[in-house]
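**Q** Below is a structure I'd like to ask you about.
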Amino acid sequence: MAVKTPTSDAPVRVKREDSETFRQENTSDVPCSETREPCGGVAEAVGTSQHQAARRDCIRQLAVHFSGAFDSLLSLVPFSAVSNSTEDTEREADEHDGDKGKGADPVQSRSQQKWHLRQKRYHPRVLVATPLRLQEQVASEESRSRKRHGGSANAKQRQPPKQRGVSQTSVGSAKTEVGDAATGGLADSRAELQRRLHAKLEALRRVKKDNKRERGKQRKKKDPKERAGLKNRADDGQARGDRGRNAPQKKQSQEASGDSFEYGAVTCPRERVEVRQANRAGTKKRKLQQAMREIESNRESLQKCQSSEERQRVELQQSMAKVMKKLDGEKVMDDMQRLKKKQKFLEKKKEKAAEKWQSRLSEAKEKKRMALEAKKQQKEERLRAREKRNG
């Protein structure tokens, strides 16, 4: 339907719904704000925009339809006939020649030839449609051209990061090497990256050598007296380490200390059995024998006393020694009967362990003998069976 606007005599095509609304607006008694020109301009703009949208939709549908038809037609054509790249054609030709050679080989069976033909038919590159392969080729060519044109501009912008402690001479030499390499080819190529890495490593080595030289110079600048003192201290420490744990300890001087007191194991521990000697074989037996000897020596010292006062003094000394041992945490063994009983128990335990060990040895020997006899018997049986077969 065509409608004439007041501004122009040319008809404008609009939809039926728009024409009805336009007619209602024109037939209404209420005029527009000042003139009728704005109303006609709005209708014209609405009509043109809708017409353009309809045309776009139609063109899009046609493009989709014809692109699908064109893709279906392209899929019937092999990729080697459409593409201009020589690499793909050469690869397909090599594959074709290889398959021909395999098929013509008289050594291969018919099943092997069928298998090779099936592999070629269902190869991933053959199954991919020609339009998709064309899209991949176009995308790869675009990326190559982008790299080729953008490589020179990016190489100028890229600069190696500043390194802490690197001298200006080393960095400058590294920059010149990298710059010479960058101007020759692409910035992102493997050879260029390797050159950059080698240049950076070389710069770091130079810095390390320079730091070593500076440290050596500083050591030489030190005072000779200070160096001699350090050397003497090191020699003393080495000699002290060579002497080990059993080295004699220096006694501390007690000049203004006055009388010395001992308050127990917390402040002044007494001599104890070392950890490495504890729980060794025969320690219990030796402890019992030592305790029995101490009891006998105490009895002899009491028998030697001539007066009662002397006897009381010796008994007091012995009781004080026992109390100090208890304070140190040592076990006091002063009962002879219990010590003898314990000694007998240890002897019986040792005898039982020896008997058990002997029984284990005898059992092991018996098992070994039985195994040898069984082996010998099996050998004899095999010999008899062989004689029967041969006889």
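Just so it is clear, glycine is given a Cβ too, placed from its N, Cα and C backbone atoms.
In TrEMBL, annotation is done automatically, which means it is predicted and not curated.
Take a look at what TrEMBL says about it:
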REGION    1-38  region 'Disordered'
COMPBIAS  12-23  compositional bias 'Basic and acidic residues'
REGION    83-310  region 'Disordered'
COMPBIAS  93-103  compositional bias 'Basic and acidic residues'
COMPBIAS  113-124  compositional bias 'Basic residues'
COMPBIAS  189-205  compositional bias 'Basic and acidic residues'
COMPBIAS  206-222  compositional bias 'Basic residues'
COMPBIAS  223-245  compositional bias 'Basic and acidic residues'
COMPBIAS  293-310  compositional bias 'Basic and acidic residues'
REGION    357-391  region 'Disordered'
**Q** Sort out the residues at least 6 away from either end of the region 'Disordered' (357-391), same chain, that have Cβ-Cβ distances under 8 Å to it, and list them.
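**A** Residues: none.
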**Q** On the DSSP side of things, how many residues of the region 'Disordered' (357-391) fall into helix, strand and coil, could you say?
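**A** Counts, helix then strand then coil: 34 helix, 0 strand, 1 coil.
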**Q** Mind tallying the compositional bias 'Basic residues' (206-222) by DSSP state, helix then strand then coil?
**A** 16 helix, 0 strand, 1 coil
**Q** List the helix, strand and coil residue totals of the compositional bias 'Basic and acidic residues' (293-310) as derived from DSSP.
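**A** For that range the per-state counts are 15 helix, 0 strand, 3 coil.
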